[in-house]
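*Asks:* Starting off with a structure, shown below.
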Amino acid sequence: MRRQWGALLLGALLCAHGLASSPECACGRSHFTCAVSALGECTCIPAQWQCDGDNDCGDHSDEDGCILPTCSPLDFHCDNGKCIRRSWVCDGDNDCEDDSDEQDCPPRECEEDEFPCQNGYCIRSLWHCDGDNDCGDNSDEQCDMRKCSDKEFRCSDGSCIAEHWYCDGDTDCKDGSDEENCPSAVPAPPCNLEEFQCAYGRCILDIYHCDGDDDCGDWSDESDCSSHQPCRSGEFMCDSGLCINAGWRCDGDADCDDQSDERNCTTSMCTAEQFRCHSGRCVRLSWRCDGEDDCADNSDEENCENTGSPQCALDQFLCWNGRCIGQRKLCNGVNDCGDNSDESPQQNCRPRTGEENCNVNNGGCAQKCQMVRGAVQCTCHTGYRLTEDGHTCQDVNECAEEGYCSQGCTNSEGAFQCWCETGYELRPDRRSCKALGPEPVLLFANRIDIRQVLPHRSEYTLLLNNLENAIALDFHHRRELVFWSDVTLDRILRANLNGSNVEEVVSTGLESPGGLAVDWVHDKLYWTDSGTSRIEVANLDGAHRKVLLWQNLEKPRAIALHPMEGTIYWTDWGNTPRIEASSMDGSGRRIIADTHLFWPNGLTIDYAGRRMYWVDAKHHVIERANLDGSHRKAVISQGLPHPFAITVFEDSLYWTDWHTKSINSANKFTGKNQEIIRNKLHFPMDIHTLHPQRQPAGKNRCGDNNGGCTHLCLPSGQNYTCACPTGFRKISSHACAQSLDKFLLFARRMDIRRISFDTEDLSDDVIPLADVRSAVALDWDSRDDHVYWTDVSTDTISRAKWDGTGQEVVVDTSLESPAGLAIDWVTNKLYWTDAGTDRIEVANTDGSMRTVLIWENLDRPRDIVVEPMGGYMYWTDWGASPKIERAGMDASGRQVIISSNLTWPNGLAIDYGSQRLYWADAGMKTIEFAGLDGSKRKVLIGSQLPHPFGLTLYGERIYWTDWQTKSIQSADRLTGLDRETLQENLENLMDIHVFHRRRPPVSTPCAMENGGCSHLCLRSPNPSGFSCTCPTGINLLSDGKTCSPGMNSFLIFARRIDIRMVSLDIPYFADVVVPINITMKNTIAIGVDPQEGKVYWSDSTLHRISRANLDGSQHEDIITTGLQTTDGLAVDAIGRKVYWTDTGTNRIEVGNLDGSMRKVLVWQNLDSPRAIVLYHEMGFMYWTDWGENAKLERSGMDGSDRAVLINNNLGWPNGLTVDKASSQLLWADAHTERIEAADLNGANRHTLVSPVQHPYGLTLLDSYIYWTDWQTRSIHRADKGTGSNVILVRSNLPGLMDMQAVDRAQPLGFNKCGSRNGGCSHLCLPRPSGFSCACPTGIQLKGDGKTCDPSPETYLLFSSRGSIRRISLDTSDHTDVHVPVPELNNVISLDYDSVDGKVYYTDVFLDVIRRADLNGSNMETVIGRGLKTTDGLAVDWVARNLYWTDTGRNTIEASRLDGSCRKVLINNSLDEPRAIAVFPRKGYLFWTDWGHIAKIERANLDGSERKVLINTDLGWPNGLTLDYDTRRIYWVDAHLDRIESADLNGKLRQVLVSHVSHPFALTQQDRWIYWTDWQTKSIQRVDKYSGRNKETVLANVEGLMDIIVVSPQRQTGTNACGVNNGGCTHLCFARASDFVCACPDEPDSRPCSLVPGLVPPAPRATGMSEKSPVLPNTPPTTLYSSTTRTRTSLEEVEGRCSERDARLGLCARSNDAVPAAPGEGLHISYAIGGLLSILLILVVIAALMLYRHKKSKFTDPGMGNLTYSNPSYRTSTQEVKIEAIPKPAMYNQLCYKKEGGPDHNYTKEKIKIVEGICLLSGDDAEWDDLKQLRSSRGGLLRDHVCMKTDTVSIQASSGSLDDTETEQLLQEEQSECSSVHTAATPERRGSLPDTGWKHERKLSSESQV
């Protein structure tokens, strides 16, 4: 409370300034100026009062720095002159207030779990570096800046934020450093068609635009709206649509976001009960001169009399005139007060005598005595105050002073003691409390996300993002849940505190849930809703929802709970702002505060301090009070532009402010120490302190059994109450009814509500339904408890149980404005009117067997009711001639019964007892009734009916809804009297019904075997009482009971999300959805097979072609791969084929009707082919092409005889059809807006229909053409010969695409291929001259012209993100074919095993290695764990091992092909290994590494003898492949943009191709090198010898990755591991000179041996003679050593063994295995072993000599050898020293992005990321920024190839041949090198083993170098 000062005696002067200005105090010369107060007040005192030991200023500022009289011997003299007890010195407390009593104290020893402060205090070690100044001198917070994690960004102030927040356009660092030095801002992506874009770029659903809610957060979604939702009475609507209290209009304070409430205001609009501030603002008159600055400019406190006594400090005296003086001036003989009250007899002042002296009897003082101006002045010790007698002292009750203790306080004589609640601990200052447990976290809603911030560090993290409009917030610490409300979605949601498992809690019946509170003791959820003016409660999962408080509530906002006391508190900022409380069961409601409140927003409870705090956004203040509302006090009244929410923790307040977009803090007692925790937030909303002590433990009054309650158990004081969900009656003290028997049912557009008649409160609650957007009509069926409703926004009819369960859509097609609904509870039929289509329809109650009853002479039919007893239905029609009609429920006997004095006849109701028909007329403003035949018409209510809409009857009452009064009312159904209002202030009221269980039963013939009807049996007024009817589009047969099986003649069309049919057999046009039970995304092309009754369609979003029966059954996808944009589709019903065009791939393809035997027919010179039609009898197919040069073409149906028919005056030729009868070709052009025709050769061109707005699909049947139009959203018809008589077939059909006309009665015609497929083995395709046989893409046709090879022999296999594809090299058309492997996400690396015919691949999205057959079957995961980024993969087809690189883990691993026996081979000195390749015959393993030091390395297949081959002049070595014939390695460098090669030792290096764009992977076959390129999106090849003859094999392929060749020539040769796994139990690794056995890193159930032995062969399901091109599993004739290799006779697979293998004894000439006799293998091994021992000694000697010779001639000082020892394969400590090549600066900031997605154009100028790190990127950045120039080291250009000639050409420097290692390699390969020219004459021929493909192959000739 601010002190008010008057004109004081002795020149005391008060200078009070407004809160908005900074005071400048100037006192007179004879006065002392006190310190300026926190409220800006100035105080002047007489100068002689300074340093007199008296607190005259009230803040001791007049005594600061004064030298006071000497303290008594029993006291301690502080440095500031203060006297304290000596016993208080060095006790750890700052009693002097300058810490001088704690200086020079002996050091205090702290415990082991304590931290020693520099000031001598001891605090808990846990408090060290927790961001809180616990020591008092901040010595516990002098900490090193904490390190940010790898996924965090460090702000300039040292705080850490999430890395992805860097440069995201949102300031997340407190200093804004995360948004500095960012690249140019990227414009926000546009919103889609169903969204609205806010002013700052955010997208919201379009339905939220102009709905009256601030969904954008800046009101931009509500600006420029033509109309807004009307505000309530007592509210003012801002221009933006916001509703505020009407009293805030022209009150001088801008409450509207656009300040429109203060526009056009007169000079004064204040009432007689208000005071006008200088600013023009109006405040209550009672607030004038109350000591509070309510005007915010202090004008309400100016010129005030002294209306009350200010509160003086504890050591001050209150004068009668209100002045405060120091206690020492009391009874000092001087009139210090000015009114002599300090010297009056009432103060027991005794007369002064001259003998007074402190030396005599201590001057009569009880404690301290001092002489002041010659007189005795008695004073007291600290903790005491001088009594009125001026001599004695009494104890000061410090506990009565707020803020002395943080929580608890106990007073004692001359002292006090602070204490803390459970869960807190007293700090070293002995006054404040610190919470035990984890560091506190501020949890706050930020509209679009929910974040956590550390208040002492200003660091915050994201908890939940991508939210719509999160406002209210709370948490449940024990259950680790966070709850929030979203006022845009009108939902309450929850999630785990780690952000996972988001789920809806309350999803219906909310309008503006602005407050949320969790009862953590009883597990309940409470919330306020200012839209519905309610406070509700439910379980934590939203179950058992109950309206707790609803009466006398206006706009409840904030809510807080005190579960320990069973109390709920809330704020209400309606017309009468207040803060209220009640028990948590809603009882005991009471007002806490209702004065000096404007806009009470946030509310929080200090449980330990037993106080509440709230913010007032309009009053700009933070206040506190006791929990009963007493001791109310303003804590902060300055610097609060718009506080919204508040929380408290320990001694601090934290609040959010909308205006400053910040989180702030201050001391909860004084309001001082204000600090900005976070600013520059998006839109801070609710805030809470996340800490266990904010939810202290309490007694659960309901116990473990919910208090015995069947539903809700709610605390009530210290007891509890059993409560029922809203509407359910209580049947006992603890039990509720399980169902509702009768209730009023009404629609409110966005929800459907009920008012139970089982309870007395008549409060409405929402039926929990999803996606109700604009409900209008209602009805119900009590037999199955269903409620039905129509929705005119979604154009659907739905139903659900009365409790909201079992919700389903029953009719969702061909509805435009279903406004009326009626249930025939007798025959279970659903009737409805549609004002958009002007129809009345009926269906079964589940929506099946729908049919049109009345379609003529209807003009906006509205409501409908049925009377099953008489068999009639009644409806209102409020078109041009308003009327009420009736007809039989089968549409018979139609007649108008009321046609006069009607305007807008709305609701209808039937009184079945009195046989009356009631209706409401909104135009006539009446409710009337008449007999069921229209007679005896009478007005029931004719006044005070502004706009009645819905109408119903129940019992003796009639109920109706009124749009204008926004109410539900009732009256007596016979007299119209006794009117009452059931509910009011309900927006958008629609239909109304009473659900009950007393509908009269009616007998009907339809109940017996459906009346004999095959489909629909309807009630009828005819003598039989019923009639049979057929579903829409189907005719009733002559028997009057049976319907035809289906449509004979019909249109069928695609509408993107569905396929529909329009029957041409009936007299009206009505579309019917083909009930295919799948989700369609973008259905475009369509075709029909009338023979089997199937429809075919393409979906360009799902990339598939599908088919189903015309009744929707038997759906199947026939083409699922290799499609991009299938715009055209045609079914050859005669030839049983399906044809389609693909605009994305620019191809025309054909396949069998089941999708098999797929073939590309046309692929050259196509540019966006679209429509396609067939003429089987003529053998032609026609198609449109609307590319750059639009044209219409024709070819044979086998792709032959291609010709352009028309190529001029075409724009966008869309639809295409053939008129076989008149031999005409017809097409629709959307650009020229014409439908044209020509003959079948393109001649005689003429226009049929013009203009047409945007035609798309075109078809023909009989004498008419039909077309779809995008712009009119309609289907049109015209005469096919003249184009005249254009009519509208169906309208209001958005998304119209292709269309076909079908007459199933027409004969199909003759099949050119006959009954035996023309003798073709695969495809038989018609052509003008007959037919031709064709093969699926990539397979060759044999010489007989009829038979196809079973499969391709040589082909490319490549990966492209989500696909694996094949390109045959056997045929000339290099078109790709998808390998149908399922579940591909992000495939990177590939390899193939020719033995089992399986493809192996890595998927870095799933982090797995998988394999599958080439037909897509038998897909299985080989390695499914422990992978991060598997970039490289290689199959050892001999040893049956699998190798891979892992860039994420920097390892090279191996396993068996089935994933077993997994082992890490190399895990050191690797920095992002990429490609990998194996050479089993030589036992070599090669890989590239493009880390910090790019290199290419080689090792043995077990990882030993590791060697760096190339480490200079490398950038990003990506792909790697081996040429097994020429013994060379090839690689691509994506940084240097070239393809290079070298020999197997890294020598004879040669640049093959320069200036390639961005190569990724490569492979070799025959004389060609093939590679994939990211930038050109293509597969290319060059001659491997010259680097010339560059060709593009395949273009326009997104996301190209790995590529390999599958060929019988690739996986040849063998080694010792090829026979029975080398005798190893687990892993067998071939090496350059021997082989080794190895054990897996994780042992399995089998014992592992490192010594080769006899291992029984594993049984095989398939014989090796059938599949395997390598050695079969047979026991070795010799036991292999792990260090030596024995020459022995092994099996040979003819054609797979080289001469060198044969010379080494690795090949046998017989295909039959020769098993060893018992013991023979051992004897032979002994003999051979002895021989080899001698040879080994000789070899070692020779090797030593060679080594010395080599060393003398060649030394590589930069190369260190890596040695590996069996079995651990640990590397030696010797490091490989390689020259480091620097990477770009941003290289290390990039990560491997695994999510799939489209690749954008890569250009040399724009590629964002280093390709090897992020294989997926769609962003743009400067490519040159990523590359750094690397200096060439001038290496040798070498060319080492095996030539067909007998010479070797080596271009090298003169010193190059001194390399003895290279010379040795050349000599070795002279005997091995085979010619790669397949055209040469073979030296021998032999049969090849079957590799899975049947083939014949010519062997290559051999020549010596």
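Backbone N, Cα and C define each Cβ position, glycine as well.
Bear in mind that the values here come from a model prediction, so they are computed numbers and not experimental data.
Feature annotation from Swiss-Prot assigns disulfide bond to Cys51-Cys66, Cys71-Cys83, Cys90-Cys105, Cys148-Cys160, Cys210-Cys225, Cys250-Cys265, Cys270-Cys282, Cys312-Cys324, Cys319-Cys337, Cys365-Cys378, Cys405-Cys418, Cys702-Cys713 (among others). Residues annotated as domain 'LDL-receptor class A 3' in Swiss-Prot: 109-144. Marked as domain 'LDL-receptor class A 7' by Swiss-Prot on the basis of sequence analysis: 269-305. Swiss-Prot lists 354-394 with the feature domain 'EGF-like 1', giving sequence analysis as the kind of evidence. Taken from Swiss-Prot, the feature repeat 'LDL-receptor class B 1' covers 480-522. The repeat 'LDL-receptor class B 2' annotation in Swiss-Prot covers 523-565. Swiss-Prot lists 785-827 with the feature repeat 'LDL-receptor class B 6'. Under the heading repeat 'LDL-receptor class B 7', Swiss-Prot lists 828-870. Look at Swiss-Prot and you will find 915-956 tagged as repeat 'LDL-receptor class B 9'. The repeat 'LDL-receptor class B 10' feature in Swiss-Prot is assigned to 957-998. The repeat 'LDL-receptor class B 11' annotation in Swiss-Prot covers 1093-1135. According to Swiss-Prot, the repeat 'LDL-receptor class B 12' annotation covers 1136-1178. Per Swiss-Prot, repeat 'LDL-receptor class B 13' is recorded for 1179-1222. Residues or ranges marked as repeat 'LDL-receptor class B 14' in Swiss-Prot: 1223-1263. Taken from Swiss-Prot, the feature repeat 'LDL-receptor class B 16' covers 1397-1439. Among the features that Swiss-Prot reports, repeat 'LDL-receptor class B 18' is placed at 1483-1526. Taken from Swiss-Prot, the feature transmembrane segment covers 1726-1746.
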*Asks:* How many Å lie between the Cα of Cys83 (disulfide bond) and the Cα of Cys418 (disulfide bond)?
*Replies:* 22
*Asks:* Need the DSSP three-state call for Cys83 (disulfide bond) to compare against my parser.
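*Replies:* It is in a strand.
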*Asks:* Spatially, and counting Cα to Cα, which of the disulfide-bonded residues is closest to Cys378 (disulfide bond)? Options: Cys250, Cys319, Cys418.
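*Replies:* With Cα distances computed to Cys378 (disulfide bond), the winner among Cys250, Cys319, Cys418 is Cys319.
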*Asks:* When the number of other CB atoms within 10 A of each residue's CB is tallied over all shown chains, which of the disulfide-bonded residues Cys66, Cys282, Cys319, Cys713 has the maximum?
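*Replies:* Going through Cys66, Cys282, Cys319, Cys713 one by one, the largest Cβ count within 10 Å is at Cys713.
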*Asks:* Counting other Cβ atoms within 10 Å of each residue's Cβ, which of the disulfide-bonded residues Cys51, Cys90, Cys105, Cys365, Cys418 comes out lowest?
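*Replies:* Selected from the disulfide-bonded residues Cys51, Cys90, Cys105, Cys365, Cys418 on minimum Cβ neighbours within 10 Å: Cys105.
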*Asks:* Among the disulfide-bonded residues Cys225, Cys270, Cys324, Cys337, Cys405, which residue has the fewest other Cβ atoms within 10 Å of its own Cβ?
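*Replies:* So among Cys225, Cys270, Cys324, Cys337, Cys405, the disulfide-bonded residues given, the one with the fewest Cβ atoms within 10 Å is Cys225.
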*Asks:* Could you give me the DSSP helix, strand and coil counts for the repeat 'LDL-receptor class B 18' (1483-1526)?
*Replies:* 0 helix, 24 strand, 20 coil
*Asks:* Which of the disulfide-bonded residues Cys51, Cys148, Cys365 has its Cα nearest to the Cα of Cys337 (disulfide bond)?
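*Replies:* Going through Cys51, Cys148, Cys365 one by one, the closest to Cys337 (disulfide bond) is Cys51.
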*Asks:* Rounded to the nearest angstrom, how far is the Cα of Cys405 (disulfide bond) from the Cα of Cys713 (disulfide bond)?
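*Replies:* Roughly 37 Å, rounded to the nearest whole number.
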*Asks:* Between Cys250, Cys265, which of the disulfide-bonded residues has its C-beta surrounded by the fewest other C-beta atoms within 10 Å?
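*Replies:* Per-residue Cβ counts within 10 Å for the disulfide-bonded residues Cys250, Cys265 bottom out at Cys265.
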*Asks:* Have a look at the disulfide-bonded residues Cys51, Cys148, Cys225, Cys250, Cys282 and say which one has the shortest Cα distance to Cys418 (disulfide bond).
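*Replies:* For Cys418 (disulfide bond), the spatially nearest of the disulfide-bonded residues is Cys51.
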*Asks:* Restricting to the same chain and to residues at least six past its boundaries, which positions have a Cβ under 8 Å from a Cβ of the repeat 'LDL-receptor class B 2' (523-565)?
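*Replies:* Beyond its ends, the repeat 'LDL-receptor class B 2' (523-565) has Cβ neighbours at 472, 476, 479, 481, 483, 485, 492, 494, 504-507, 509-517, 571-576, 582, 584-586, 589, 600-605, 607, 612, 614, 627, 645, 696, 698-699, 711-712, 714-715, 717, 723-726, 763, 765, 985.
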*Asks:* Counting Cβ atoms within 10 Å of each candidate's own Cβ, which of the disulfide-bonded residues Cys378, Cys702 comes out highest?
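*Replies:* Highest number of other Cβ atoms within 10 Å: Cys378.
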*Asks:* Looking at the repeat 'LDL-receptor class B 13' (1179-1222) and the repeat 'LDL-receptor class B 11' (1093-1135), are there 3+ C-beta pairs under 8 A, with each pair at least 6 apart in sequence?
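*Replies:* Yes, the repeat 'LDL-receptor class B 13' (1179-1222) and the repeat 'LDL-receptor class B 11' (1093-1135) are in contact.
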*Asks:* What count of other C-beta atoms do you get within 10 angstroms of the C-beta of Cys83 (disulfide bond), across all chains shown?
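*Replies:* Result for Cys83 (disulfide bond): 21 other Cβ atoms within 10 Å.
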*Asks:* Just give me the nearest neighbour of Cys365 (disulfide bond) among the disulfide-bonded residues Cys51, Cys66, Cys71, Cys312, Cys324, Cα to Cα.
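*Replies:* When the Cα distances are compared, Cys71 comes out closest.
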*Asks:* Within 10 Å of Cys250 (disulfide bond) (Cα to Cα), which of the disulfide-bonded residues Cys51, Cys90, Cys105, Cys225, Cys270, Cys282 do you find?
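*Replies:* Cα within 10 Å of Cys250 (disulfide bond): Cys270, Cys282.
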*Asks:* Tell me, how many other CB atoms lie within 10 A of the CB of Cys210 (disulfide bond), whichever protein chain they belong to?
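*Replies:* Excluding its own Cβ, Cys210 (disulfide bond) sees 18 Cβ atoms within 10 Å.
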*Asks:* Counting distance between Cα atoms, which of the disulfide-bonded residues Cys71, Cys160, Cys210, Cys324 is nearest Cys90 (disulfide bond)?
*Replies:* Cys71
*Asks:* By Cβ distance under 8 Å, which residues at least 6 away from the ends of the repeat 'LDL-receptor class B 1' (480-522) in the same chain are close to it?
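*Replies:* Distant contacts of the repeat 'LDL-receptor class B 1' (480-522): 204, 208, 213, 215, 443, 445, 450, 462-464, 467-474, 528-532, 538, 540-542, 545, 556-561, 563-564, 568, 570-571, 584, 686, 690, 695, 697-702, 713-715, 750-751, 753, 765-770, 772, 804.
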*Asks:* Near Cys702 (disulfide bond) in space, meaning Cα within 10 angstroms, which of the disulfide-bonded residues do we find among Cys71, Cys282, Cys324?
*Replies:* none
